[in-house]
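What Swiss-Prot annotates here:
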ACT_SITE  Cys142  active site, acyl-thioester intermediate
ACT_SITE  His234  active site, proton acceptor
ACT_SITE  Glu236  active site
BINDING   Lys163, Ser191, Arg248  substrate binding site
SITE      Glu111  site 'Important for acyl-CoA specificity'
SITE      Ser191  site 'Important for substrate specificity'
Amino acid sequence: MPINVPSGLPAVKILAKEGIFVMTEKRAIHQDIRPLEILILNLMPDKIKTEIQLLRLLGNTPLQVNVTLLYTESHTPKHTPIEHILRFYTTFSAVKDRKFDGFIITGAPVELLPFEEVDYWDELTEIMEWSRHNVYSTMFICWAAQAGLYYFYGVPKYELPQKLSGVYRHRVTKETVLFRGHDDFFWAPHSRYTEVRKEDIEKIPELEILAESDEAGVYVVANKSERQIFVTGHPEYDRYTLRDEYYRDINRNLKVPIPANYFPDNDPTKTPVLTWWSHAHLFFSNWLNYCIYQKTPYKLEDIH
């Protein structure tokens, strides 16, 4: 999928080298089809790395996508240069009168805090409430999935005995367009200290569990219309993300396990094995095509 992003975004050069089609604004205006308008609320500390990971996946189908990057006004990013934020990102107050075909809310390293103690929780709940009637389909990733399930449906999160880190085998539990083309079993990364539980989700008639893992638990949950999709893992992670997180934690003297099913021979000095790439690309492609492009109104103002 050609993606139309602001000129000068660092991700553009990297993705172009990988063969991802990044379209200039001048070329984009000459296409007759309406581009999909996708909003990304980037809550991850390393925003540039997350941009690359998500844009890589959004740029993998034949449709044109216009991407708008969003940050929270109530929290000042500490790990990304403010110049980058001011140049490439916008605020909720600047977009709240617009409508979007799709919306991605990323994970965030705040999962051990009660939701209400997260410093941008009030702003996030305002944004999530806004998404009900101003976005056709929203994908919540990792902590955002827990936050969305809690805010919309009252699903609690639970602290795990130790960090869940690694790549785990999952199975599709319900046939749906999101998993069209998937094998019955596939692999996906997780990196978190908390979980949502199957028994809590099964009590809510509006929700369906679409994929799960014996080791990592619930993976993908969606409402009946698939306009809200909750992903408890990190399919967007690249080959080295779990490795980098592991060494970061070790350097902080944290007691964390070696990421499971990731390093050959469970040896952190060896190059990690990439086993989830086809799932990640197909999952995002299916979301864009089946959950958004084939269902969203042609006129954005008709989204409600």
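Glycine residues also receive a Cβ, built from the backbone N, Cα and C atoms like all the rest.
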> Any idea what DSSP makes of Lys163 (substrate binding site), helix, strand or coil?
Replying inline: strand
> Got a sec? Which of these recorded positions, Glu111, Glu236, has the most Cβ atoms within 10 Å?
Replying inline: Glu236
> Within 10 Å of the Cβ of the residue listed as 'active site, proton acceptor', how many other Cβ atoms can be counted across all chains shown?
Replying inline: 25
> Taking the centroid of the Cβ atoms of Lys163, Ser191, Arg248 as the substrate site, which other residues of that chain lie with their Cβ within 8 Å of it, listed in sequence order?
Replying inline: Ser165, Leu242, Glu245, Tyr246, Asp249, Val256
> 10 Å Cβ neighbour count around the residue listed as 'active site, acyl-thioester intermediate'?
Replying inline: 28
>> With the cut-off set at 10 Å between Cβ atoms, which of these binding-site residues ends up with the most neighbours? Options: Lys163, Arg248.
In response: Lys163
>> Measuring Cα to Cα across Lys163, Ser191, Arg248, which the record gives as the substrate binders, how far apart are the two most distant ones in Å?
In response: 14
> Checking the recorded positions Glu111, Cys142, His234, Glu236, which are within 10 Å of Ser191 (substrate binding site) at the Cα level?
Replying inline: Cys142, His234
>> Here's one to test understanding: among the recorded positions Glu111, Cys142, Lys163, Arg248, whose C-alpha is closest in space to the C-alpha of the residue listed as 'active site'?
In response: Cys142
> Taking each of Cys142, Lys163, His234, Arg248 in turn, which of these recorded positions have a Cα lying within 10 angstroms of the Cα of Glu111 (site 'Important for acyl-CoA specificity')?
Replying inline: Cys142
> Reduced to three states, what secondary structure does DSSP give Ser191 (substrate binding site)?
Replying inline: strand
> Relative to the Cα of His234 (active site, proton acceptor), which of the recorded positions Cys142, Lys163, Arg248 has the closest Cα?
Replying inline: Cys142
> What does DSSP say about Glu111 (site 'Important for acyl-CoA specificity'): helix, strand or coil?
Replying inline: coil
> Where does His234 (active site, proton acceptor) sit in the DSSP three-state scheme?
Replying inline: coil
> Taking just the CA atoms, what is the gap between Lys163 (substrate binding site) and the residue listed as 'active site, acyl-thioester intermediate' in Å?
Replying inline: 13
